[in-house]
Every structure is written in structure tokens, then in C-alpha cells.
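What TrEMBL records for 78-160, 161-275, 276-390, 391-499, 498-604 is domain 'Cadherin'. Per TrEMBL, transmembrane segment is recorded for 618-640.
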Amino acid sequence: RFQSCNENRKIHFGSSDPEDFRVGEDGVVYAERSFQLSAEPTEFVVSAQDKETQEEWQMKVKLTPEPAFIEASEKIRSDRDKSLSLRYSVTGPGADQPPTGIFIINPISGQLSVTKPLDREQIASFHLRAHAVDVNGNQVENPIDIVINVIDMNDNRPEFLHQVWNGTVPEGSKPGTYVMTVTAIDADDPNAQNGMLRYRILSQAPSSPSPNMFTINNETGDIITVAAGLDREKVQQYTLIIQATDMEGNPTYGLSNTATAVITVTDVNDNPPEFTAMTFYGEVPENRVDVIVANLTVTDKDQPHTPAWNARYQMTGGDPTGQFTILTDPNSNDGLVTVVKPIDFETNRMFVLTVAAENQVPLAKGIQHPPQSTATVSITVIDVNESPYFVPNPKLVRQEEGLLAGSMLTTFTARDPDRYMQQTSLRYSKLSDPANWLKIDPVNGQITTTAVLDRESIYVQNNMYNATFLASDNGIPPMSGTGTLQIYLLDINDNAPQVNPKEATTCETLQPNAINITAVDPDIDPNAGPFAFELPDSPPSIKRNWTIVRISGDHAQLSLRIRFLEAGIYDVPIVITDSGNPHASSTSVLKVKVCQCDINGDCTDVDRIVGAGLGTGAIIAILLCIIILLILVLMFVVWMKRRDKERQAKQLLIDPEDDVRDNILKYDEEGGGEEDQVRNDEYFLCMGSYLVLHFVSVDKW
């Protein structure tokens, strides 16, 4: 112990023999290693030095070995040792049983002695049995039990279960708040003073706001707060040195040991977020969304990244249409003002928002701060060049088909939303016109036709024709917008009905000979069905041989009027009239093949019918074959004539001195003169024609 006149001295203890002995900050001397002390006292010097003035004091320490045991003895004596010579012995653990040799007895005098140091913490008592026999080994007395209790000595220091104890306490806790419990044990007898421990706090660091912020129950080791003012934002952690002393805490005779208690002050929401500025500024181009326009910064003294620190922002004014939202950056805790709906510069040039910030959890009770902080955000909208837009879009126009080229259809114009930019008028152009029916005036947007509008065109779907036009400005950068013109074409009766199918087959007798036909009209109601079917008056054979009956609005039945019609191919004209106003009619030719039929109504003389008449495709094919064969024959004739002339020239050159009149031209046996050659050519031509006709007849072209 060091007694200082100045209580504020900061003392450092030292030892002259630091390898063997260490002096703690509390003045307790510890052995640095295990070693045997000699019988002579061991001396060393303990020094105390002022850390500021370097003033030093010294004290000599003399260390003497503490006796490990006190030699004790007990004499055992029998009443019969006066008349007999007896021998004494002991048995049991500690004598002749493990641990052996601790107790011995003088066989003559009966003196019972201990030979080794006793440790109560290992064996608290021994149970022995004493025997008395004569010199012949005969038992003279019954064995007696000896119970030896080892008396406890204070030879064990208290030991903490942990050298460092960790605990927590919320900031702002009231005095008397439980913090933690530290526990030490002593191997000595817990029922004696040697094992009765008492706790106390030796030091507290830091010592603010009070050096005695905590106290400890000296018997249980419970640590509680004794002073108010715990503030995590000022002191986040306290370190206490706890001492446990046996002998019920007697500072003179008790043995002590120390441990460290680390108390962490946990955060509570005792500080609301506060904006770093009263007004924040930002700007955003019009029509932009998902753009961060301003960063709202706040400060919060609570522990970062906890519900007591995390800020939550909300809009309290200045945004009635919900153009903005505020998200929280999880890392910086900033408020990110973001545009979520497009803003029109021509409608709103500036927004002044009122925002509030608060924590995710409410403030702790008793905190004298407003729960939230407020600020304003001034946002300027930047004007940009916007695309023109057609009104309406799409534009629907109802128009009868058949409108001639050069007719004015409609006017399709667009508007420029940029009222505050210096721009010239819009220019119009055509973007899509599948049938190329339209053109647009580039200045006034007037649309005129360049072709006749036809509802039956392949580019018209469900009576609707779509064309797309473009309106462009001269802003920076130039912008354009598209508009769709939808022309709903009203039907007029501009198409006459036609018969379907174009060809049919029937039998040459009355039964069965009905042919079902259908009228087809590209127009729609009321310019289509029901249709009227009739046969023309000319030629007279039509009505004499055939008859037609309408069976429904679109269908009719053609059949033979006479009992028998010779097999062949007949062209039957049919007059079909629609229901339009005025009516439209046409004469359609139905090619009917009349044939002999079996009992099932199937034709059996197709070859004869083909010979009687051929279709247009077959005739064309025949003509092509004839032309090709004629060309081949002509090429062959030319070749033959050329070869004949060459042969005649060779004969004349055989004897040039002879008279020409004496020359006799000799023909090969295979061919005669020119007349024979002509006959051969005619033969090949006739044979070629015959083969072509025969080929056509066999293959039924």
C-alpha cells in the first residue's frame, strides 16, 4: 500500500526483480513464475514512482516461506500395555492405502504422526483404523477408528471465473439499474472466513461524468448504476477493476485478486435527426422521371446504422399531385428527392417542397427534443424541346370508297408544347402509307388522295386503312412526333358477284345431275347478298338444256332440263345480281363436264371428254410442244441441205477439165435428190405432229 499526501498522484509500481515478482497497479504483488523458496527469506525492492514528477519511493520486501503443515501427533495407547509388550499399527487411506505414507505410527509408543504436508482442498479428512497386537501378532484389543479432519488455512486466493467480464447498460439509465454480475471462487472452506469473499470496485475509467457511476454488491458481485448521466454519445464504454478478497474482505489478512469489467453503454433514440440546412436546392429537366434532384443531409448523434439513427423522410407540403418521392440512402442516411411523374415546364416552373425527417423508432421517453426536423426544398424545372403531338391521335375519318385521286380528305395537324421557345411552324411529312393513296401538305397538314380509295384492297383490314404522319420542329435538338390517321372506308356497290366454283362435273342423264354453286361478292352488306341467279336467253340452248334454282341467299343449284345430254365440256353462262342499290350483276361462265356415270354418280368416260375439249392450259402446253418440235425439224432440214451442197461441190472438183454436162451426180442409196429430200422433210414434220397429238391424247392434256 502506498499512502500519498496528494490524492491526485498517479503512481506506477515497479519491482527490482521483475522476472520473479510483478506489482499491479493496485499494489498487489504477484509471482511471475513457479519456483521453490529457500529456507532463508527472499528479499526484493518495490518502488512507487509519480508519473508526472518522476519522484520515487522504495520499500524492501522480505518474503519468507509459509509453513506447509504443522507437525501434529496423537498417541494411541492400550490399557494392556502395562502387562504386555504391544505393537501398534494403522491402516486405511493415507497409511497403507493410497495415498500411502502420509500417516505413520510408532509401533512401540503408539505415537501417530503426519509425514507430508496436508492440503484440505485435496483431502479434507482421513479415516484410519488403529490396531494393537502382542509380540506374537495376536490381537489384544478391537481396532479403533480414527477420523482426522484437516483444518483449513487461507492458502488460496480468490479466482474470477473470467478475467474480463462484458456487460451493457442503456444510456440514460436511472440509478439502481442492474448492469451485470461478476463471480469469483475460492478453493478454501466456503463456510469459514478463508473462503468468504467480498467484492469492491478499485477503479473506473473514464471517470466522467462521475468517478462513481457504478457500485457492486460486495457479497453477490452484482454491478448496478448509482449515478445518472450515462450518455453513449459522450462515453461509449467504461472499464472497472473489480477486486475479490477472502477473509470477508479483511484488507490485512485476506487474499485478493482482480478482474476487469467492461461495460458498454448501448444506444437509445435520444437524438432526433437534424437537417444540416434550412433550405436545399435542386433542378430537373421537364418530362424526366426517376431522377434524383436533391440530396437532403441530416445529422444524428445516435449509433449509426441502427433504428435510432436511420432517418425516414416524408413530404409534408408543396407536392399535391405526387410528382416526387424521398428515398433514404442506407449508407449515408441522406434523403434522395426523386421525380416519379413527368413534370411539364409550361405548367410548373418551380416547386417548393416541405419535408420532415424522423427516426425509424420513436424518441425515448423524457427526451426534450422535437421528434422530427423540417426543411424546405426548392426545385427548378428546366425547359427542354418537346416532341410535337397530333390532336387527336389517332384521328378517325369515315369516307366512302371510290374517292378519286386529287380529292381533299382531311386536315391532320399537330401542336408544339414548347410555348416559350423561339421556333418556326411545324413541318409535316408522310411516314407510312402502305397503298400509297395519300399525301400531306408540309405546311398546313392537309391530306389529299393520290389514288382511288378501295375498300377491297389487301391493305384494308376490317374496313380500316391506317396511315402514319410525322410532325417535326426546328428546335435544338429537333424533335418530332407521329400521328395515325385511320380511314374507315364505307362500302359502295363497285363489285359484281361471280360464280364459284368455275368448273363442275355432272352426269349426262337427269339423275343425278345437280350442281351446287355459290355467288361471291367482295362487297359487304347491303351491297352483297342475297343474290339472284338466272340463265341468259342467248344462246337458246342454254335454257333448253339447263335450269337453275336458288336454294339460299348465296347458293343456287344448276341441273339438266333434258333427260340426256351427250358427254362433253359445256360453257354455261350464269347471270348473278346482288342486292345493292343500284344493283350490280355479271355473267359468269361455269365450265361443266358432262360424262357417263356409274351407279355412284362418278364419271366413267373421262378420256372421251378430254378428247372432246381441252382446257386453256392444255392448249397452251400443246402449242409449246409443237413449236419446239417444229424448230428442231427446221434445224434438221437446214443441216441436211448444207450437207448436200457440200457433197455436190466435192463431185464437181474431182475432174475440173471435164465438161460440166458430162458430169453425172451420184446420190447415196440413203437419199435421193432435192425432191426426195423435201419428201423426207415433210415426212418428219408429219410424224412430229402425229407424235405430239398422240402424246397429248394419251396423257389427257
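Including glycine, each Cβ sits where the backbone N, Cα and C put it.
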Per-state residue totals over the domain 'Cadherin' (78-160) - DSSP helix, strand, coil: 4 helix, 34 strand, 45 coil
For the domain 'Cadherin' (391-499), the number of residues DSSP places in helix, strand and coil: 0 helix, 48 strand, 61 coil
Segment-level pLDDT (mean, integer) for the domain 'Cadherin' (498-604): 86
Secondary structure composition of the domain 'Cadherin' (276-390) [DSSP: H/G/I, E/B, coil]: 0 helix, 54 strand, 61 coil
